[in-house]
Amino acid sequence: MPSRVLIEGGWVFAGEGSGPFDIVGDGVVAVEGERIIYAGPASGLDPSWQPTRRIDARGKIVLPGLVNAHTHHAMSLLRGYADDVPLMPWLEEHIWPAEAHLTGDDVYWGTLLAIAESLLAGVTTFADMYFFMDRVAQAVLETGVRAHLSRGLIGVAPGSDRALEEGKALVSGFHGAGDGRIRCALAPHAPYTCPPPYVARVLEAAAALGCPIHTHLAETRAEVEQIRAQYGKSPIQHFAELGVFQHETLAAHCVHLDEADIALLAEHRVGVAHNPISNCKLASGIAPVPELLAAGVTVGLASDGAASTNHLDLFEEMRLAANLQKVSRYDATALPAWQVLRLATVGGARALGFDRLGCLAPGYLADIVILDLRAPHLWPRHDLTSLVVYSAKAADVDTVLVHGKVLVDGGELLTIDLERVEHETQQRAERLARLGRAARTGPADENPPAPAGEAADPSPRGGAAQ
């Protein structure tokens, strides 16, 4: 018999329409197995339905689980390693040299660190593009979270053929794993790192496997200028003409767009992952989110990797996403709180291609977050949606369910040993920092061995960061 969980007494953000969530006071959410069977007033629940567990949500807010639509989770090992540097020098002079020494075990522990941080911040689903992705999948399966996974593919890098084979193996081995908690994609990194012949090979593989695409597009002005100089068109137009958008596509960033670009994204139903803090910190720009939404483009919210944003907190991303649009347009009504909350929940779920996820409604997957409102920064309570977007913090997360299972209970992680994660990640981060810096300064031994039993990715650009 499937488990039956009843969340009762809270303010429930229910409904699945396109507008603001319906907030039900003293509401309930009934979960059977991995699905929600009811969300709304307590009076509407069949009295014959009896739970096996009750969760008291009195004085708390009950939300759909947050969806981080674009990350590089193992890059949590490089948090704080290279700050205050523009994107391309950041990648070429700092990140890629360090990533060349990453091992599969490094990626596994870095991913566990990111999952721990994410769960404690109410994030139940993430989209990850990186390498050693079988180890990322292992971490996802062990911890119980939901993920959209892809092996980053850099066509101009040594080892690009091997990387494509690894990407295909990931899709074949893990798509649909974990009772459907994992979706897999192929990930041509970006137009400036993947020449057309390589993109064609990726698309041929995607067609054979029936899998989606995950990529970075139009992140910086420099990228747009480079692609226009090379191909005479924008990155969006370039990938559209190569046939990328004939496949279900998740495109990160999409900062520098014109009207034709937005029309193409809408026409091909490309999902966009908006990364406000990363785009600010790397001085990339501000994505035209209101125009994308007005055109009917599905937009999700994302943190990018913690090496660029220094955190994986979607509450911070929600605040900045709203405030950036307001200040850049001198329009306080731009991107209101309810729209931002939808980006962080159902918008992200749809951009990642997860069906029936991101809402508290019958038939939806039971990914649920409960916020405790006892902290002073959440008093008084007027507009609860504004309270979530403009006032709530990751530390307010009390309980998290994924696929109907409780993974965070009373602020405590149930599937991750935090002490072990701290020990493993600190040691590995120190080693990577040392080797990355040595690669720039040229020591006598430029490629020290990986830890015993581990093999580093031989590709100097094995990752697909940012």
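Cβ atoms here come from the backbone N, Cα and C positions, even for glycine.
Look at Asp304 (Zn(2+) binding site): DSSP puts it in coil. The Zn(2+) binding site annotation in TrEMBL covers His70, His72, His216, Asp304.
Here TrEMBL flags Glu99, Arg151, Arg162, His189, Glu219, Asp304 as substrate binding site.
Taken from TrEMBL, the feature compositional bias 'Low complexity' applies to 435-444.
Annotated domain 'Amidohydrolase-related' per TrEMBL: 61-406, in sequence order.
Annotated region 'Disordered' per TrEMBL: 427-466, in sequence order.
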Whole-number Å value for how far His72 (Zn(2+) binding site) lies from Glu99 (substrate binding site) (Cα to Cα): 12
Cα-to-Cα gap, Glu219 (substrate binding site) vs Asp304 (Zn(2+) binding site), nearest whole Å: 12
Cβ neighbour count within 10 Å of His189 (substrate binding site): 25
For the domain 'Amidohydrolase-related' (61-406), mean pLDDT (0 to 100): 98
Tertiary neighbours of His70 (Zn(2+) binding site) (same chain, Cβ under 8 Å, six or more apart): Ala127, Met129, His214, Leu250, Ala252, His253, Ala273, Asn275, Gly300, Ala302, Ser303, Asp304
Coarse DSSP state, helix versus strand versus coil, of Arg162 (substrate binding site): helix
DSSP-derived class (H/G/I helix, E/B strand, else coil) of Glu219 (substrate binding site): coil
